[in-house]
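Structure, as structure tokens:
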Amino acid sequence: MPKLRSATSTQGRNMAGARALWRATGMKENDFGKPIIAVVNSFTQFVPGHVHLKDMGQLVAAEIEKAGGVAKEFNTIAVDDGIAMGHGGMLYSLPSRDLIADSVEYMVNAHCADAMVCISNCDKITPGMLMAAMRLNIPTIFVSGGPMEAGKTKLSDQLIRLDLVDAMIEAADPNVSDERIDAIERSACPTCGSCSGMFTANSMNCLTEALGLSLPGNGSMLATHADRKELFLKAGRQIVELCKRYYEQDDVSVLPRSIGTFKAFENAMSLDIAMGGSSNTVLHLLAAAQEAGVDFKMEDIDRLSRKVPCLSKIAPNTNKYHMEDVHRAGGIMGLLGELDRAGLIHKNTHTVLGMSMGEQLDQYDIIRNQDEELHKFFRAGPAGIRTTQAFSQDCRWDSVDNDRVNGCIRNKENAISQEGGLAVLFGNLAEDGCIVKTAGVDESIWKFTGTAIVFESQEDAVAGILGGKVKEGHVVVIRYEGPKGGPGMQEMLYPTSYLKSMGLGKKCALLTDGRFSGGTSGLSIGHASPEAASGGAIGLVRDGDIINIDIPNRAINLEISNEELAARRSGQDQKGWQPAHREREVSFALKVFGHFATSADKGAVRDKTLLK
């Protein structure tokens with residue numbers, strides 16, 4: 001029978017000093033022997049997705065105490081990718097993921113905690129905590145802060161729905177008036193919560209449901225809705241139950257590595273492909289799989305992308321649907337239900353509810369279960385009132401969206417496309433693969449041949465786009481922006497937004513060893529691996545080269561001979577794989593990250609071989 005980890009610091013004569021310190025935190029005599037559960041919060045006033053989390057930790061903690069556990073809260077950092085976007089701050093975003101994973105490990109192991117409730121929300125916080133959960137392998141439940149309500153404003157006598165990406169695109173268009181930009185800016189992000197579309201934050205919170213590590217509704221229930229409170233309370237109660245099952249009944253099925261199996265990672269990736277989620281999820285799932293000891297690779301993602309259809313098109317891929325609409329359509333359980341009916345998920349994986357995924361779908365899929373309370377839960381909707389307060393409204397749609405022909409979530413027969421919303425491309429430009437979010441690409445340019453225009457940094461690319469250097473038919477190549485080359489693998493939302501604002505969104509392609517915001521759409525191909533700084537062929541492209549992109553055949557190639565490619569490689573080997581004429585301040589912390597970082601096909605995790 002597993003022994004409570006916390007017994008190391010709470011039991012025995014030699015731990016009198018540790019117990020004295022525990023007592024100073026408020027523990028009583030009868031608390032020693034109970035599971036100590038870490039409430040891993042990520043509250044910060046810097047991030048709208050986390051600004052409302054200050055009291056959530058104590059909400060969960062109180063429920064843990066009622067259920068018979070001892071709750072101890074601590075905080076992690078949280079970077080807002082939108083605020084860090086477009087300047088040197090973006091270099092710190094991806095490295096913060098690994099810092100979060102390490103800090104959770106440090107706190108939990110230093111204090112011998114028995115279990116965790118992870119209160120996450122935005123882009124790198126959920127992945128960082130997920131990596132830590134897999135690394136630590138103690139009972140863990142995720143509960144996120146929830147998505148923001150979609151912005152709404154009236155322009156030209158028409159009510160439109162929008163988000164922060166709309167604000168970025170409009171602001172870059174010189175033909176748009178200051179008054180219109182101001183109206184959009186003030187309306188784009190109306191409430192607390194993670195940005196309202198299927199960007200990276202919401203994608204990752206949805207994937208925790210598919211992995212089985214969070215409760216149904218976690219990815220889609222609005223941050224502002226009163227019903228979300230029950231998710232926090234239930235997480236507090238359920239984590240104590242998981243502790244009992246593991247520490248008292250030796251039930252290893254409740255552990256993260258038993259839940260996050262290869263099949264569970266396939267379920268998560270299938271969901272991501274079906275909903276056209278952020279391409280960043282590929283990076284984070286690969287990283288989490290490595291922490292879990294699961295051999296999940298780019299080739300597996302490629303295989304899934306060829307058979308899983310795109311069942312939903314959500315902002316930024318359309319302005320018709322946002323996360324509030326996904327919830328109304330049954331949330332992630334609704335999407336997984338459609339994948340199940342198509343025979344595309346594994347139903348025998350475990351979940352934190354202590355049941356199989358199949359059993360969970362029987363209970364929470366609105367198509368197969370007509371329970372009135374379940375449908376009421378998924379009718380929770382937006383209030384349209386600006387607020388930074390959680391649980392501040394109780395508005396509901398009149399009905400759920402169960403239209404699987406033309407609704408927010410489709411069935412396989414009426415899929416938006418029979419191939420999924422993400423694709424992996426291979427070729428001489430990306431021997432280890434690269435990622436494109438096909439859900440955001442107009443099918444007219446799924447096959448694209450263009451002329452390369454090369455930039456050694458995102459800053460140079462932005463200047464080139466805004467300065468008119470980029471023309472119709474160009475493939476914009478931005479290199480030395482990978483995990484090692486950046487360092488930090490910053491997002492390229494500004495270049496893609498500016499291409500759209502210049503009317504080039506369907507007339508150009510963009511290829512980078514960096515990554516893209518979850519808000520990106522268009523023919524934007526990222527994660528080119530190996531990256532330029534690791535000797536990848538993207539570092540050998542020259543202005544004027546012809547690049548062929550073929551999404552249907554999953555290919556991307558530089559149209560030069562093997563002999564010419566080898567000659568260029570030999571020349572670059574002598575010069576060194578570094579950006580030419582780039583001026584960038586790189587801190588010691590970022591240099592450390594870059595030194596250990598692997599390319600994107602490995603999840604940009606640390607290269608453990610360097611420690612041998």
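Yeah, the Cβs are placed from backbone N, Cα and C, and that goes for glycine too.
The record from Swiss-Prot ties Asp123, Lys124, Glu491 to Mg(2+), and of the options Asp81, Asp163, Asp166 it ties Asp81 to that site too.
When Cβ neighbours within 10 Å are tallied across all protein chains shown, the highest count among the binding-site residues Cys122, Cys195 belongs to Cys195. Neighbours of the Mg(2+) site: apart from Asp81, Asp123, Lys124, Glu491, residues of the same chain with C-beta atoms within 8 angstroms of the site's C-beta centroid are Val79, Ala84, Met90, Ser93, Leu94, Cys122, Thr200, Ala201, Asn280, Ser517, Gly518. The binding-site residues Cys122, Lys124, Cys195 include none with a CA atom within 10 A of the CA of Ser517 (active site, proton acceptor). DSSP assigns Asp81 (Mg(2+) binding site) to a helix in the three-state reduction. Using a 10 Å radius centred on the Cβ of Lys124 (Mg(2+) binding site) and all shown protein chains, the other Cβ atoms total 29. Of all the binding-site residues listed (Asp81, Asp123, Glu491), Asp123 sits in the most crowded Cβ setting, with the most other Cβ atoms within 10 Å. Between Lys124 (Mg(2+) binding site) and Cys195 ([2Fe-2S] cluster binding site), the C-alpha separation comes to 14 Å.
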